[in-house]
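*Asks:* Mind having a look at this structure? Questions to follow.
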Amino acid sequence: MSRRQTCSLLLIAFGLFYLVPLSNHGLWIPDETRYAQISQAMLLGGDWVSPHFLGLRYFEKPVAGYWMIALGQAVFGENLFGVRIASVVATALSVLLAYLLARRLWRDPRTSLACALLYASFGLIAGQSGYANLDPQFTFWVNLSLVALWHALDARSRRARLLGWTLLGLACGMGFLTKGFLAWLLPVLVALPYMLWQRRWRELLGYGALAVLAALLVCLPWALAVHAREADYWRFFFWHEHIRRFAGEDAQHSRPWWFYLPLLAVSCLPWSGLLPSALRQAWHERRQAPVVFLALWLLLPLAFFSLSRGKLPTYIMPCLLPLALLMGHALVQRLRLGNSVALRGNGLLNLGLALLALAALAYLQLRKPVYQEEPFELFLVLLVIGAWAAAGLAQWRYPLRAWAAPLLASWVLIALLPAAMPNHVVQNKTPDLFVAEHLDELTGARHLLSNDLGAASALAWRLRRSDVTLYDTRGELKYGLSYPEHSQRSVPLADIRQWLWRARQDGSVAVLLRINSASDRYQLALLPGDGERYRNGNLVLAILPQVRP
């Protein structure tokens with residue numbers, strides 16, 4: 001197949017598997033609705049400096065990630081595609097970086113293509129590409145910073161070296177504006193030991209200053225602007241989002257130190273069977289500069305994230321590009337040698353996982369059905385399992401010819417699985433679809449009330465309003481609600497009837513509740529019995545008409 005044919009086929013696959021599904025399912029709570037609402041508020045209100053969630057100060061992240069999601073909504077509309085396109089673009093750019101870095105390291109087109117394809121089809125990378133959060137963007141900036149570092153170190157001219165270090169600084173600056181100080185730490189974790197090993201520490205000191213200057217030029221304008229606007233921003237952001245999350249006893253998402261070790265293997269699916277041979281080859285080539293650089297990039301950030309108390313699966317996404325390159329390099333070496341053992345093992349693993357998934361689905365459907373009168377969704381999930389099994393079988397039977405078969409498994413999974421979700425999951429996790437069904441009833445509401453931040457942000461995004469009052473909940477908006485001018489934005493359980501009486505004198509009130517527990521049912525029971533009610537799964541929408549004083 002010619003290069004033009006390969007590129008055309010990959011572009012078609014990108015559109016079919018990555019772009020088309022973006023508009024086919026609602027926004028998942030809590031992340032997608034939160035980021036959609038924050039960025040929409042920037043777009044509508046014009047405040048591009050201080051992040052606000054539901055009109056309240058929200059200082060958990062800087063602003064660049066919100067800017068990109070807002071840009072997507074500005075260009076493509078305030079819709080599902082517009083909210084998610086930033087993640088797809090960031091992922092596509094990271095795939096391009098994988099290709100370019102592999103080409104620079106090994107100067108072999110086949111290896112470059114294999115590395116890019118593996119990275120694009122890693123389960124965690126492909127799955128997050130259609131999900132509106134900040135991790136794909138942050139991962140791109142970290143990837144760019146370290147690719148720029150290698151280009152600077154491998155440069156043959158002073159001009160190219162200067163460009164590489166400058167690009168490193170710019171990428172660190174944008175990474176910082178996306179997710180914070182980690183964007184500075186991760187490149188240092190790799191650059192410092194590598195350049196000491198290379199005995200190039202003077203170059204690190206000299207050109208590193210240029211990178212720091214470039215990063216500061218990117219960061220300082222916003223850093224000073226947000227400090228002038230919100231004097232408490234940096235205290236909260238540094239201590240709450242960095243120190244407490246890394247070392248605090250009450251850190252969010254606390255996990256054991258070994259949490260990321262099995263997750264790393266799972267993140268590589270459907271290529272996890274190649275992991276042992278890739279690591280073994282990396283050990284044999286441990287004195288080669290490219291392998292040392294990639295190993296440091298993989299292992300040192302992984303160790304840092306493992307030491308942190310707060311852990312989420314997406315935190316290790318910056319570790320996956322070097323792993324894809326090590327695996328792609330090992331894969332092509334085995335193809336050239338005609339060694340099919342690892343490929344057969346990978347195919348057998350995927351086939352086994354597909355059969356296990358099929359058996360689990362059959363068991364659940366017989367004992368406690370996951371899909372109830374949902375033949376289309378059940379057909380889609382069977383199609384996903386079938387594609388995974390077919391890819392595994394093909395790679396097992398014809399490992400040297402069908403080495404790329406796992407691409408099909410991964411891409412069919414990300415394209416169809418969101419649409420294959422059971423209705424009870426969709427109803428619970430994507431409340432914006434329920435809100436969209438009742439826009440006519442909601443448009444005239446004077447006040448909005450919700451007992452759940454995910455539902456509240458879905459309501460706010462669909463109605464293009466930030467003034468949703470919180471009903472007996474605070475969550476991650478506890479800090480924003482602590483400001484005196486916003487104390488009335490949350491109503492405790494004991495005051496709800498009085499609040500509703502006063503609010504209904506101004507106009508109608510729309511109440512969106514998620515009912516997941518006995519306390520939620522009690523919240524629903526406290527609402528007046530008049531007005532219209534609509535229910536979908538565990539979501540209840542009550543439209544309470546205006547009352548006279």
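The backbone N, Cα and C atoms fix where each Cβ goes, glycine too.
According to Swiss-Prot:
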- 9-29: transmembrane segment (TRANSMEM)
- 80-100: transmembrane segment (TRANSMEM)
- 112-132: transmembrane segment (TRANSMEM)
- 133-153: transmembrane segment (TRANSMEM)
- 176-196: transmembrane segment (TRANSMEM)
- 204-224: transmembrane segment (TRANSMEM)
- 256-276: transmembrane segment (TRANSMEM)
- 288-308: transmembrane segment (TRANSMEM)
- 312-332: transmembrane segment (TRANSMEM)
- 346-366: transmembrane segment (TRANSMEM)
- 376-396: transmembrane segment (TRANSMEM)
- 402-422: transmembrane segment (TRANSMEM)
*Asks:* What stretch, picked from 80-100, 256-276, 288-308, 376-396, has the most CB pairs under 8 A with the transmembrane segment (176-196)?
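*Replies:* Most contacts with the transmembrane segment (176-196): 288-308.
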*Asks:* Sequence-remote contacts (6 or more beyond its ends) of the transmembrane segment (80-100), Cβ cut-off under 8 Å?
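*Replies:* Sequence-remote neighbours of the transmembrane segment (80-100) are 14, 18-19, 22-27, 32, 35-36, 39, 65, 68-69, 71-74, 112-113, 115-116, 119-120, 125-126, 128-133, 136-137, 139-140, 143-144, 147, 321, 324-325.
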*Asks:* So, taking each listed stretch (112-132, 133-153, 346-366, 402-422) in turn and counting its Cβ pairs to the transmembrane segment (312-332) that are under 8 angstroms, which one gives the highest count?
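*Replies:* Maximum Cβ contact count belongs to 112-132.
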*Asks:* Return the stretch with the most CB pairs under 8 A relative to the transmembrane segment (112-132), choosing among 256-276, 346-366, 402-422.
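*Replies:* Between the candidates 256-276, 346-366, 402-422, the best contact partner of the transmembrane segment (112-132) is 402-422.
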*Asks:* Near the transmembrane segment (256-276), which same-chain residues lie under 8 Å Cβ to Cβ, leaving out any that are not at least 6 residues past its ends?
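*Replies:* Hits for the transmembrane segment (256-276): 118, 121-125, 302, 305-307, 311, 313, 315-316, 319-320, 323, 327, 330-331, 342-343, 345-350, 353, 388, 391-392, 406, 409-410.
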*Asks:* Should anything in the same chain at least six residues away from the transmembrane segment (133-153) have a Cβ under 8 Å from its Cβ atoms, list it; otherwise answer none.
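*Replies:* Those are 31-32, 35, 61, 64-65, 68, 86-88, 90-91, 93-94, 97-98, 100-101, 104-105, 160-161, 163-165, 167-168, 171-172, 174-175, 178-179, 182-183, 186-187, 190-191, 194-195, 198, 200, 207, 293, 297, 314-315, 317-318, 320-321, in sequence order.
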